[in-house]
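Chemist: Pasting the feature list from Swiss-Prot:
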TRANSMEM  32-52  transmembrane segment
DOMAIN    130-331  domain 'TLC'
TRANSMEM  139-159  transmembrane segment
TRANSMEM  174-194  transmembrane segment
TRANSMEM  205-225  transmembrane segment
TRANSMEM  264-284  transmembrane segment
TRANSMEM  298-318  transmembrane segment
TOPO_DOM  319-383  topological domain 'Cytoplasmic'
MOD_RES   SER340  phosphoserine
COMPBIAS  342-355  compositional bias 'Acidic residues'
REGION    342-363  region 'Disordered'
Amino acid sequence: MFWTFKEWFWLERFWLPPTIKWSDLEDHDGLVFVKPSHLYVTIPYAFLLLIIRRVFEKFVASPLAKSFGIKETVRKVTPNTVLENFFKHSTRQPLQTDIYGLAKKCNLTERQVERWFRSRRNQERPSRLKKFQEACWRFAFYLMITVAGIAFLYDKPWLYDLWEVWNGYPKQPLLPSQYWYYILEMSFYWSLLFRLGFDVKRKDFLAHIIHHLAAISLMSFSWCANYIRSGTLVMIVHDVADIWLESAKMFSYAGWTQTCNTLFFIFSTIFFISRLIVFPFWILYCTLILPMYHLEPFFSYIFLNLQLMILQVLHLYWGYYILKMLNRCIFMKSIQDVRSDDEDYEEEEEEEEEEATKGKEMDCLKNGLRAERHLIPNGQHGH
């Protein structure tokens, strides 16, 4: 049964244009062509990237965070068995009636009970150091892969002439630069997917799962169907904006408001140009319209463009939130990351303001400076 399914799955009519056989894509005369088996290495490479990430966060990101004045903070609350049991077994957000009853039971004021629950919720928030480490790692990878992508593509004719994307398709040999560009990019997305449950959780958690799965599916499919040339263009268009986002987040956690805001505006500009202009009017035009001058519609052509359109929907989704943030900054002078961590940013800010009134000296508020001055207090995580 397995072999029957395998034979059906790899039928040429699903993957290749009519009249083309898998035998046409076998290596010959020193030319190497893509093979699905090439992608097996992306899983072990993903775990290797996780090891490299761990080393990077410890020996590069942590010292860098320290130089910015970001330290590991241990949030402690006064032990209280009654409140702790209610927090764990009932709710983390007690109603006013609950607060009144707990205050009576613990011989505390209602304000003290509210402060205890707020502090207890904040105790489980990821620290600024952890957020900085994650952003620093993503920044380093996106910078490396973008520079590598530009180096791989700058002398390729299909970067400047989209007709070259389909010249000779699908009998286009695989270049070593294309191999490593794909393998590294796919391995990175696998590593992000493996770490989603352990990294800082955000409200757009489901969107990230969809994005990573769509990215891996798209790269895997484009590899197997030998859409390598268009695939490299898709990857470079996506990576070029993320560098600025992750760097903005790093400076956000460091409390460098002016630098963070400047980088975020740069990111927003590049995002809208690359993903809402270049992607739909250049990439989708290349994959949706140009093939029809050479080929009749076939299954992989339809499936490829379906996946690209899913990505475009995600672009519009993230673009909407970016516009909301920019609108708040420009017109309301108050900005909060509407896609930030699951915990309430206002809670932590309020707690810190209370500490400040007690005379505790702070360099800046956790997760960046005050909301009315900072573009991304908890860090924006878009793709």
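Note that Cβ sites are derived from N, Cα and C of the backbone, with glycine treated the same way.
So that I understand the layout, could you describe where these features sit and how close they are to other parts?
Modeler: In the predicted model, residues of the domain 'TLC' (130-331) average a pLDDT of 91.
Sequence-distant neighbours of the transmembrane segment (139-159) (same chain, 6+ residues past either end, Cβ-Cβ under 8 Å): 49, 56, 60, 165, 167, 177-178, 180-181, 184-185, 188, 229, 232-233, 235-236, 239-240, 242-243, 246-247, 250.
Residues 15-16, 34, 36, 38-39, 170, 182, 185-186, 189-190, 192-193, 196, 231, 234-235, 238, 300, 303-304, 307-308, 310-311, 314, 317-318, 342, 381, 383 of the same chain lie 6 or more positions beyond the ends of the transmembrane segment (205-225) yet place their CB under 8 Å from a CB of it.
Long-range neighbours of the transmembrane segment (264-284) within the same chain, counting only residues 6 or more positions beyond its ends whose Cβ lies under 8 Å from a Cβ of the stretch, are 162, 230, 233-234, 237-238, 240-241, 244-245, 248, 305, 308-309, 311-312, 315-316, 318-319, 322, 325-326, 375-376, 380, 382.
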Chemist: Could you tell me what the rest of the chain brings near the transmembrane segment (32-52), counting residues at least six beyond its ends with Cβ under 8 Å?
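Modeler: Hits for the transmembrane segment (32-52): 25-26, 141, 171-174, 179, 183-184, 186-188, 190-191, 194-195, 220, 223-224, 226, 228.
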